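The structure appears below as structure tokens.
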Amino acid sequence: MAPVNKSDKDRVIIFDTTLRDGEQCPGATMTFEEKLEVAELLDDMGVDVIEAGFPITSEGDFQAVSEIARRSKNAVIAGLSRAHPADIDRCAEAVKFAKRGRVHTVIATSPLHMRVKLNKTPEQVIETSVAMVARARNQIDDVEWSAEDGTRSEMDYLCRIVEAVIKAGATTVNIPDTVGYTVPEEYTHFMKTLIERVPNSDKAVFSVHCHNDLGMAVANSLAGVVGGARQVECTINGIGERAGNAALEEIVMAINVRNDKFPYWNKIDTTQLTRASKVVSAATSFPVQYNKAIVGRNAFAHESGIHQDGVLKDASTYEIMRPEMVGLKQSSLVLGKHSGRHAFVHKLEEMGYKLGPNQLEDAFTRMKALADRKKDIYDEDIEALVDEEMAASHDRIKLTSLTVIAGTHGPQRATMKLDVDGQIKIEEAEGNGPVDAVFNCIKRLVPHEAKLELYQVHAVTEGTDAQAEVSVRLSHDGRSMTARAADPDTLVASAKAYLGALNKIVMKRQRDTVTTAAAS
């Protein structure tokens with residue numbers, strides 16, 4: 001655990017970029033409301049800096065960053081900008097209402113990126129960096145500068161440009177391993193050398209931002225801290241471009257559990273890590289792999305008889321941390337068809353949900369209906385039910401009823417009733433199998449050009465009456481949208497998941513139309 005005598009020099013600032021770098025993961029787009037929910041949770045759990053988005057990219061991103069800034073309580077709210085004047089100004093405008101705002105500007109510094117991507121000389125990159133940091137500092141006190149592809153940059157050049165941007169006013173200097181190329185020992189030496197050679201390095205906080213292309217993002221991040229960095233940039237569940245980013249939960253628990261090797265501390269409330277993982281997974285429709293460290297379903301599961309015997313005698317035989325440390329509670333048979341509202345509300349509060357009266361009533365009704373169809377109600381069932389209810393609250397297309405005729409002979413036929421913007425529509429369709437019939441029915445009811453990229457099914461809990469959780473990814477106009485849904489009936493879950501992804505496409509098209517109209 002964290003040392004008793006805490007000092008600022010040993011504090012590691014946790015910079016979460018789930019809402020920016022994490023959302024750049026293909027198919028992980030979040031709605032405006034989902035971004036606000038994730039940001040509130042990150043703030044509550046003690047994240048120091050929340051990178052809320054990339055304001056210049058769209059009106060939607062600007063509005064999300066601005067609203068998160070307005071609602072912020074304790075965290076610094078950062079926005080990303082390229083090294084362009086318009087980016088800097090737009091970013092500063094987006095975070096200006098935060099209690100503490102930050103402009104985070106980035107430019108490439110490796111020979112390859114400067115030559116191929118930027119088409120700039122090293123001296124031009126220094127000149128641009130200094131000018132943009134100074135421009136940002138004229139508008140805000142907290143400015144972070146990032147050297148994209150930093151670990152493939154030349155050390156002598158990096159020392160010169162870092163010294164220059166600190167002199168221009170950068171308060172944080174971030175050296176990313178943008179393509180996940182470095183290894184721990186190398187990164188420790190790299191950061192240590194850089195900090196020692198930059199004359200004014202004591203005037204800024206040094207930061208690391210590691211990608212997971214070789215599976216070493218967390219190890220490299222910790223190595224960077226050993227080398228002198230005091231800010232770690234990471235995401236919930238490690239989501240991010242390509243192979244992802246360093247996982248926040250793994251960074252934090254590695255420091256806490258192995259404080260003998262990493263004598264540092266942070267402000268994260270670790271009991272909220274599991275909840276944060278589930279909220280982000282629901283918002284992005286990206287399931288967490290079962291064997292994911294810290295927050296995976298099997299992270300604290302023991303099936304081997306030898307392991308079970310050891311854990312029953314003393315949990316420390318096979319557990320290096322207690323499940324309670326990360327907010328994990330074992331599945332329990334608490335709710336059923338005889339449960340009342342009071343017990344249901346208490347269970348939701350215990351699991352960290354805050355629902356409004358209408359959402360609560362809808363969730364309670366669905367729980368009772370599920371209890372009539374399913375013998376045992378587990379925590380995972382409640383989470384799947386409520387997460388789906390919250391995600392569907394803004395949907396324009398809703399499933400009212402579904403009947404499927406399937407068997408060994410004859411075509412498979414689906415009959416579906418949808419509520420489309422308050423109008424009830426009914427249609428029938430055949431298909432090559434029941435799922436195909438269901439999806440063909442949706443296409444008849446809501447004509448669209450989206451292509452099915454992914455269809456996955458897995459059980460939420462065990463048993464023949466377990467809920468099926470279906471993931472569907474649709475692509476449209478070069479964008480991918482993913483949604484998940486759960487139901488004891490796999491076909492119903494399939495229809496809901498498909499409609500969830502379709503609703504995201506409709507919402508995106510609507511937002512783009514509004515943005516275009518506002519710009520004209």
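Keep in mind that glycine also has a Cβ here, set from the backbone N, Cα and C atoms.
Annotated Mn(2+)-binding residues in Swiss-Prot are ASP21, HIS209, HIS211, and among ASN74, ASN245, ASN256, ASN259 the one listed with them is ASN245. Listed in sequence order, PRO176, ASP177, THR178, VAL179, GLY180, ALA217, GLY240, GLU241, ARG242, ALA243, GLY244, ASN245, ALA246 are the same-chain residues at least 6 apart in sequence whose CB falls under 8 Å from the CB of HIS211 (Mn(2+) binding site).
Around the Cβ of ASP21 (Mn(2+) binding site), a 10 Å sphere holds 23 further Cβ atoms from the protein chains shown. The Cβ of HIS209 (Mn(2+) binding site) has 29 other Cβ atoms within 10 Å, all protein chains considered. Look at the region 'Regulatory domain' (398-520): DSSP puts its residues at 42 helix, 53 strand, 28 coil. Summarising model confidence by region, the domain 'Pyruvate carboxyltransferase' (12-274) averages a pLDDT of 97. ASN245 (Mn(2+) binding site) carries a strand DSSP state (E or B).
A coil conformation is recorded for ASP21 (Mn(2+) binding site) in the three-state DSSP classification, outside any helix or strand.
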